[in-house]
Structures are given as C-alpha cells and as structure tokens.
Ligand code: F6R
C-alpha cells in the first residue's frame with residue numbers, strides 16, 4: 001500500500017520525484033524517501049512523516065543529484081513508520097523502492113543473513129534490496145530478474161544502481177505504469193502522478209521487467225524475451241487530478257458528481273430502445289439462463305453492492321447475495337451465477353483474492369471499476385467502468401455514486417435481458433436516470449443548510465443513520481463517511497432494527513439521520529427515536545407534508561423514484577460528513593490510519 005515513482009530524463013530528478021510523489025500521497029503517507037544518482041554516487045534521503053518535509057531537507061541540502069532517481073511514499077505493513085523502514089532500501093550499489101508484500105521474505109532473509117548481509121529495517125523490501133544486491137554484478141536488469149524469480153508475493157519495484165542512469169522496474173500483482181515523455185521517461189504506481197508530464201503511458205503486466213533511460217523503454221518478460229510496448233493515451237487532464245480551487249479533494253469530488261454521473265450514463269442509455277448499451281460479456285442466452293448474482297466488495301464498494309440486493313429481485317427477478325470480499329473464502333457458487341466484483345481502484349487485495357478463488361467455480365466474472373487496466377479488469381470477462389476520473393480523497397465519493405449508477409444500469413440490462421422488466425418501465429427509468437445529474441446539482445445547492453446542521457452536531461460523540469429498502473445501504477455509507485473523516489462513532493441501521501438493541505444508546509440530543517425520501521414505515525422509526533430524546537435530521541422528498549411534523553430538521557431533496565433517491569441521499573450525506581470533519585478541523589483528504597488503495601489482505 002505505497003506509491004512508487006521513478007524518473008530518467010535530462011532535468012534534475014529531485015523536483016520531479018517530489019512532485020510525482022505528492023500526487024501519490026493518497027496511497028500512503030507515513031514516511032517517504034528518494035534515491036538519486038549524484039556524481040555517479042547514490043544520494044539517499046528518507047524520513048518518517050510527510051513528503052513536503054522531506055522535500056524541505058532536500059532543498060536545504062542544495063538540491064543535489066543528477067537526472068535519474070526513484071522515490072517512495074509508504075503506508076506501513078512490515079514494521080512501524082520509521083525512517084529506517086522508509087524506502088528506498090540500499091544494498092551495496094543498488095537502491096530499491098517497492099509496493100507490495102514479499103510472502104517468503106522470512107526464508108529469504110535467513111539465507112541472506114547466513115551470507116553476511118546486514119539488515120537495518122523490519123521491512124520485506126530490504127530483503128528484496130539485498131536479494132537484488134546479491135545478484136548485482138554490473139547488470140541491474142539481470143539482477144532484478146534473478147531476484148524476482150525467487151520471490152513469492154506481490155511487487156511493483158523500481159531500482160537503480162550507483163554509476164548508472166537507468167531505472168529497472170518489475171511488476172507482479174501491484175500496479176505500475178510507465179510514462180513516455182520527450183527526452184524523459186517516468187514510472188509511477190498510478191497514472192494521476194504522471195499527468196503533468198505525459199499522457200502517453202504503458203501499463204506493465206505481471207511478470208514484466210522494464211529498463212528505462214531518458215531515451216528508451218525496453219520491456220521484457222522474465223525469460224528475457226522482448227515485448228512490444230502497448231502504448232495508451234490517457235485523456236484525464238491535469239486539472240482533473242488537482243484540487244481546482246476547492247479546499248479539499250473530497251469537496252471537489254463531491255461537486256464533480258453531476259458530471260461524473262453524466263459520464264457513467266453517457267452513451268449507455270437508449271431511451272428509444274428502453275435498454276442499456278453495456279457489454280457484460282454474456283450472450284442473450286447466457287443472460288436468460290442466469291439464476292443468481294453474487295457480489296464481492298469491500299467498504300464503500302460493499303455498500304453499493306447492497307443496493308443490488310434490493311434492486312435486482314424487482315428489476316430482473318434475480319436473487320442477489322453480497323459478501324464482504326475478505327469473508328468470501330467459504331462461499332460456494334452454483335452454475336448459473338454471475339459473479340460481480342465492485343472495486344473503484346481495481347487493486348483491493350481482498351477483492352482480487354476473492355475473484356481468484358471464484359475462478360475455481362467456472363462462473364462468469366465481471367467487475368465494476370473506475371480504473372481502466374487495473375488488476376481486477378484483467379481477471380474478469382468484462383468490466384463496467386464508472387468513468388469518474390481520478391479520485392484522490394481517501395474517502396470514496398464520486399466513485400460510489402458511479403458504482404450505484406453502474407449497478408442500476410446493469411440491473412436494467414439484466415431485467416430487459418430476462419424479459420422481467422417491461423419496455424415501458426425500463427424506458428421510464430432511463431428517462432429519469434438522465435435527469436439525475438441535474439438533481440444532484442440541486443442537492444449540492446442545499447450545501448449551506450447541510451453545513452449548518454453539520455456544525456450544530458460537530459461535537460456529538462455518536463451519530464445514527466437509518467434507512468429502509470434502497471436507503472439502508474445509504475445509511476451504512478453515510479455512517480462510514482461520517483466515522484472515517486470526522487472520527488465520530490457512527491452506525492447505520494435498517495430503520496426497523498434500532499428497537500432490537502441500539503435504541504439503548506439513544507439519549508437526549510443524539511443526532512439520528514433518517515433517510516425518508518419514500519415509504520411510511522420510516523416515519524414510525526423516526527417517532528420511536530424522537531420519543532427517546534433523539535434529534536432527528538430527516539432527508540425527505542420536496543413537498544412531503546408529514547416529515548416536518550415529526551423530525552427536528554428536514555432537508556428537502558428533489559423528488560425521484562426510490563432507487564434513484566438513493567443517489568441523492570448519498571450526496572447529501574457526503575456533504576454532512578465533509579462539513580462535520582471540516583468543523584472539527586480534521587485532515588479530510590487523508591484521514592488517520594486509512595489509505596486509498598488497500599493492497600494487503
Ligand atoms: C471508504 C473507502 C473504502 C473503499 C474500500 C474498497 O471511503 O473508500 O472503504 O471503498 O477500501 O476499495 P475499492 O473500491 O478500491 O476496492
């Protein structure tokens with residue numbers, strides 16, 4: 001769970017490394033380091049803490065170094081976040097940065113210790129560095145190849161050697177992208193780090209090794225066979241990867257949702273045919289024969305999955321089971337099941353491992369993801385992309401609404417394919433779906449009211465979120481957003497469930513957020529908590545005559561059919577969490593202990 005970068009060019013490497021590293025800080029930010037060739041020697045600078053602090057000491061030291069270097073931002077897995085454990089790790093003439101986990105590091109370490117190598121850190125990466133160092137006789141590519149052939153586990157590696165102006169990179173099950181520039185080439189864990197420098201990229205595949213200098217990139221497989229460069233032009237712009245004037249990426253990304261949802265829908269909705277144009281890798285007959293949908297996902301993506309549990313039985317006559325990916329190991333899949341993984345990053349280790357296990361059942365596997373070419377997309381038969389652009393804030397926002405909308409599109413596709421959803425109903429739903437971006441904009445315009453509510457309850461030590469039916473997953477998500485960025489204890493429940501225990505925690509003034517855009521039963525639940533002293537903040541449809549009589553505060557949302565109101569409630573709850581965290585003065589884009597892409601199980 002780290003970010004790595006590399007530069008081989010004609011300018012000084014330091015500024016490029018620090019700039020690209022900062023763009024990857026969302027992948028981890030407990031320590032950082034760079035290694036730069038300086039007068040043929042290796043200059044290594046690393047420290048616990050933020051990249052900006054490390055950059056200051058680099059500048060204080062006179063910005064030394066030539067035009068080749070590697071860098072790393074870390075999220076601790078092996079060993080605490082200390083300077084010793086920060087990357088790069090050095091062995092003899094070689095410096096290495098690594099993202100991933102070396103599973104057989106203990107046995108490799110014992111062997112290296114026997115051979116006299118001295119370890120200075122607790123990391124598995126230092127094992128890798130010494131392994132590469134032990135093979136290095138002047139040919140770094142060969143040394144990396146020999147080392148990775150002995151390694152079990154996941155890695156994205158960038159290495160350089162004293163006296164050389166080349167980088168050597170390798171990848172297995174951790175993302176790595178090469179950027180092709182003019183007179184300079186780059187490497188990074190993620191495209192977003194490279195956007196100010198180049199749009200031309202090559203995504204490395206598992207089992208590939210790249211040798212990069214300022215003029216050339218040479219790609220080979222582990223047996224040394226030369227591979228073609230599969231060049232891709234990325235159309236994400238630099239602006240999209242930066243804050244664009246918002247104080248936090250999260251707020252920017254919340255406000256991007258009218259456009260991102262529009263993108264998710266664009267070209268996929270055919271109102272005239274009453275159908276959805278997405279390829280899910282299944283023939284008409286295969287869709288008809290489907291008996292069940294199973295979904296695996298983690299965190300916010302799991303909450304999106306829960307929506308399908310309510311939608312697909314109604315829309316497509318298909319039962320749905322949803323499993324947290326890390327708990328998938330005992331799950332059995334019957335023939336006739338469509339397995340869907342939902343992962344915005346496409347790199348979540350728990351989800352990837354569940355998908356790997358699912359391959360033994362011989363069922364069709366598809367994914368919903370935001371990242372083109374990410375690992376999950378290479379494991380499945382087909383991917384529905386959410387098309388949200390890069391999401392930098394650690395708390396998922398626009399990618400969650402992208403997942404909800406993608407799930408709705410998939411539900412309509414399955415419903416039509418199974419002749420369960422009539423042309424008329426489907427067409428109506430699609431027409432309403434196309435209005436959603438405008439309605440999201442209307443929710444964003446309620447931001448001042450939501451900010452006032454957030455400020456009023458910002459010092460509460462507990463929040464409850466309740467919702468029924470399509471709004472239950474949104475209650476879960478609202479609670480997760482609240483706790484992850486505001487650090488207030490928050491729980492999401494189905495409206496009917498509080499009376500089975502949690503009601504004991506309601507005291508005078510406890511804020512309870514009630515999602516009440518449809519249905520009468522939630523009103524009974526509001527009365528239950530009011531009677532125990534709760535302050536109820538209800539999110540209801542405009543013009544609802546009843547809610548204001550029973551809730552303390554009402555935020556009116558545009559009228560939409562129940563499944564679509566789930567998206568509108570989501571946006572409102574994102575704002576509530578954001579303004580609460582802001583009122584508490586917290587580091588919203590980088591909440592403590594969390595990282596954007598969770599590449600460990
Ligand atoms: C919370 C959040 C996480 C992710 C989870 C899965 O805001 O972002 O809960 O949803 O780590 O990540 P992906 O979707 O990349 O698999």
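Any Cβ shown, glycine's included, is placed from N, Cα and C.
What TrEMBL says about a protein is an automatic prediction, not a curated fact.
TrEMBL lists 2 with the feature active site, nucleophile. Look at TrEMBL and you will find 596 tagged as active site, for Fru-6P isomerization activity. As annotated by TrEMBL, domain 'Glutamine amidotransferase type-2' applies to 2-215. What TrEMBL records for 283-420, 453-591 is domain 'SIS'.
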(request) State the count of C-beta atoms found within 10 angstroms of the C-beta of the residue listed as 'active site, for Fru-6P isomerization activity', not counting that atom itself. (result) 24
(request) For the domain 'SIS' (283-420), jot down how many residues DSSP puts in helix, in strand and in coil. (result) 68 helix, 28 strand, 42 coil
(request) Report, in whole Å, the straight Cα-to-Cα distance of residue 2 (active site, nucleophile) from residue 596 (active site, for Fru-6P isomerization activity). (result) 10
(message) Using Cβ atoms only, which residues of the same chain lie under 8 Å from residue 2 (active site, nucleophile) while being at least 6 residues apart in sequence?
(response) 27, 28, 72, 73, 74, 75, 87, 97, 98, 99, 189
(message) For a three-state summary based on DSSP, what are the helix, strand and coil counts in the domain 'SIS' (453-591)?
(response) 69 helix, 30 strand, 40 coil
